[in-house]
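Colleague: Here TrEMBL flags 66-75 as compositional bias 'Low complexity'. Residues or ranges marked as compositional bias 'Basic residues' in TrEMBL: 76-97. For 4-62, the entry in TrEMBL reads domain 'Tudor'. The region 'Disordered' annotation in TrEMBL covers 53-112. What TrEMBL records for 212-231, 251-273, 294-313, 325-344, 455-475, 481-500, 521-542, 562-581 is transmembrane segment.
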Amino acid sequence: MPSRKFADGEVVMGRWPGSVLYYEVQVTSYDDVAHLYTVKYKDGTELALKESDIRSQSSFKHRKSQSSSSSPSRRSSSRSRSRSRSPGRPGKGRRRSASQSREHKDDKKKTIQETSLALAVLILFLGCENNTKRYNGEPESTEKNDKSCIILEQKLKPDLEIKRVLEQYSLRSRKEDKKTEEIFSEKKTFLAIKPIEKVPSKTKELEFGGRIGTFMMIFLLPATVLYLLLMCKQDDPSLLNFPPLPALESLWDWRVFGVFLLWFFLQAVFHLLPIGKVVEGLPLSSGKKLQYRINGLYAFILTAAVIGVLLYFQVELHYLHDHFMQFAVSAAAFSLALSIYLYVRSLKAPEEELAPGGNSGYFIYDFFIGHELNPRIGNFDLKYFCELRPGLIGWVVINLAMLLAEMKIHNLSMPSLSMILVNSFQLLYVVDGLWNEEAILTTMDITHDGFGFMLAFGDLVWVPFVYSLQAYYLVGHPTTVTWPVAAAITVLNCVGYYIFRSANSQKNNFRRNPADPKLANLKFIPTATGKGLLVTGWWGFVRHPNYLGDIIMALAWSLPCGFNHILPYFYVIYFICLLVHREARDEHHCKQKYGLAWERYCQRVPYRIFPYIY
C-alpha cells in the first residue's frame, strides 16, 4: 500500500477539478481505500482529490536563475547573439552531472508548461462572467440570472487574442510556442468544469442518534404503528386511555400475508412493463448515470382497473379494514426480511456502489440507514420501486377500503363529507407524486440515503398504514362537517398544494436545465460545485417552501376529523418534526457542499420553513 505524502492539517496547493489552476487548501483526512485526500478550500468547500492533484507550496515559489554573473541586459544581448547557450546554464565552477541536468530540464519544462497553460485558462475565465472568484464562493455584488457560464465556449476570446497574450507572457522557447499555436489553432477549445469522481468514503458523522439511536428506532417505529392502530380501534382514543395489548396469535394471519405478497408482486409486474419513458438519474460518485423507467402513473391506472374488476365481482374491499392490524404486521415482517436481504447483499457490493450516509462500518447503523445506495436485481431498482409503488398506491387503496367500510358499518348510502375530503385530498397528493415521478430522482432518499430498514419500513409500512390514519379514524369515530367548513378546508389544502407543487417545479426544472429560457427570470448564487442556489421565486421566500406546502396540506387532511381527539393530528405533528429534522440534515449537507455560497444564501433567505417564525 503506498504511503501518504501529505499529513492531516498540512496546507498545500490543490488543483481545482477540470482546470489547471491551483488553490491553497488544507488536508483534513485521507481515505486509505480510495487513496483520496479530503481537502478544504478557504471558502469552506470540501472536495476529494488524488495525490497527483496536490502539490506542496514550496513547488510554487519562483525559481532563481542559476547564473547571476551577468545583468539582464547582458543576458538579453547574449541571447540575441547566440541561441546555443541556455539562460539557465550553470557557470564553469558549478557543472552538474548529466542526470541532474536532465532532471532540472524536465522539472523546468513542466513548470513552464503549467505556467503557460495557467495563463491561457486565466484568460478564458476572465472572458466569462462566472469567473474563478465565483467558483470559489467569494462574495460578489449581485446575483446572476443568466446561464452563459455553463458552457465556457460561448465566452472564449478569439484565437488571435490568446496568441497575443501567450506570446507576451510565455516562458517557453520558440519551438514550444510553435507547438502551442498549432494546439490553439485546432477547434478543441471547449472547456467545461466536470465534477470530480469521488468514491464514497467511510461515514464519519452518524445521524439519528448514532448506533444507539438507530437500534432503538428499529423497535420504536413498529411499536408506534401498533400503538396508533390500537388507539383508533378504541371508543375513547385519548392519550391517557392506553389500549390493551392484543394476543400475539391475533396479529398474524397467513392468508393476510399472502394477500400482501400478491399486492407487492403485482406492483412489481406493473413496474416491469415496457411502458413509459426511460430517463437517467443524477451522476453517481463514479460518474455513471443509472436509468429509470417512469411508469408510475400507468401502474396506478392499471391498479384502478384491477380494483374496479374486483368491485364488479363484489369482492369486499372492507376486508382490509377488518384485518388492518394483521396487514400492518405482515408488511412490517416483510420489510424486516427485505432489510436483512439488502444488508447481506450489500456486503459484496463494490465500494463505489455504497451509500455515502450508510458506510460507517457499524452493523446496526448501516443496517438501519442502508449500506448500498442503489440495490438492483438486473435493471429492477428495489429502492426506486418501493419509494412510489406498493406503499404510495397502497395508501389510496386503503383509503378507499375505509370509505367502503364506513358505508357498510354505519349503513350509509354514500360516504360522509369528512371521508370524501380526506380521500380526495390524499388522492390528489398521490396522483401528483406519480405524475411528477421523475422529480424523485433528485431527492435525498435516492441520491444520498442507502436502502435499508429506514426506507424499507417507511415505504412499505409507515406510509400506507400511518398516512391513512385519518380515514381509519373516521370509520370508528364519524365526524360531521358543514359545507362552509368543508369549503374553507378545501381552500387551505389548495393553497398548500400550490406552494408545494410550484416550489418543487421551480427546483426540479432548475436542476435539470438551468439554461432553460423559461427560467431566465430566476436569480441564483453560483457555488463552487458549478450549481446555483435560487434566491428568487418561492426559494427566495423561505429555504424550504416545499416543506411549508407539505405541512399546510397535512393540516388540511386532519381538520375533517374534528377536534374531539388529538390522535388524527398525529400525522401533522409527526410531519412537522420530520421536516424540521430533514431541514437540519439539508442545512448540514449544503453547508459542507457549498461553503461560503451557502452562508450568503442563508443571509439572503433567513427563514428556513415558516416565514418570520422559523
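Along the chain as shown, the residues are counted starting at 1.
Glycine residues also receive a Cβ, built from the backbone N, Cα and C atoms like all the rest.
All TrEMBL annotations are machine predictions without curation.
Note that the structure is predicted; figures quoted are calculated from it, not measured.
Describe the structural context of each listed feature in the structure shown, including burial, neighbouring residues and relevant distances.
Modeller: When averaged over the domain 'Tudor' (4-62), pLDDT in the model lands at 80.
Long-range contacts of the transmembrane segment (212-231) within the same chain: residues 237, 243, 245-246, 324-325, 328-329, 332, 364-365, 367-369, 453-454, 457, 461-462, 465-466, 469, 472, 567, 570, each at least 6 residues beyond the stretch ends and with a Cβ under 8 Å from a Cβ of the stretch.
Within the chain carrying the transmembrane segment (251-273), a Cβ under 8 angstroms from the stretch's Cβ atoms is held by residues 293, 295, 298-299, 302-303, 306, 323, 325-327, 329-331, 333-334, 380, 385, 389-390, 393-394, 460, all 6 or more beyond its ends.
Long-range neighbours of the transmembrane segment (294-313) within the same chain, counting only residues 6 or more positions beyond its ends whose Cβ lies under 8 Å from a Cβ of the stretch, are 266-267, 270-271, 273, 275-279, 388-389, 393, 396-397, 400, 430-431, 433-435, 437-438.
The list of residues near the transmembrane segment (325-344) in space but at least 6 beyond its ends in sequence, with Cβ under 8 angstroms from a Cβ of it, reads 222, 225-226, 229-230, 233, 246, 250-253, 256-257, 259-261, 264, 366-367, 370-372, 375, 382, 451-453, 456-457, 459-461, 464-465.
Cβ atoms under 8 Å from those of the transmembrane segment (481-500) belong to residues 416-418, 421, 425, 428-429, 432, 538, 545-546, 548-557, 559-560, 562 of the same chain, restricted to positions at least 6 beyond its ends.
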Colleague: Take the transmembrane segment (562-581) and find every residue of the same chain, 6 or more past its ends, with a Cβ under 8 Å from one of its Cβ atoms.
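Modeller: Same-chain contacts beyond the flanks: 228, 231-232, 237-239, 418, 466-467, 469-470, 473, 477, 479, 481, 544, 547, 550-551, 554-555, 609, 614.
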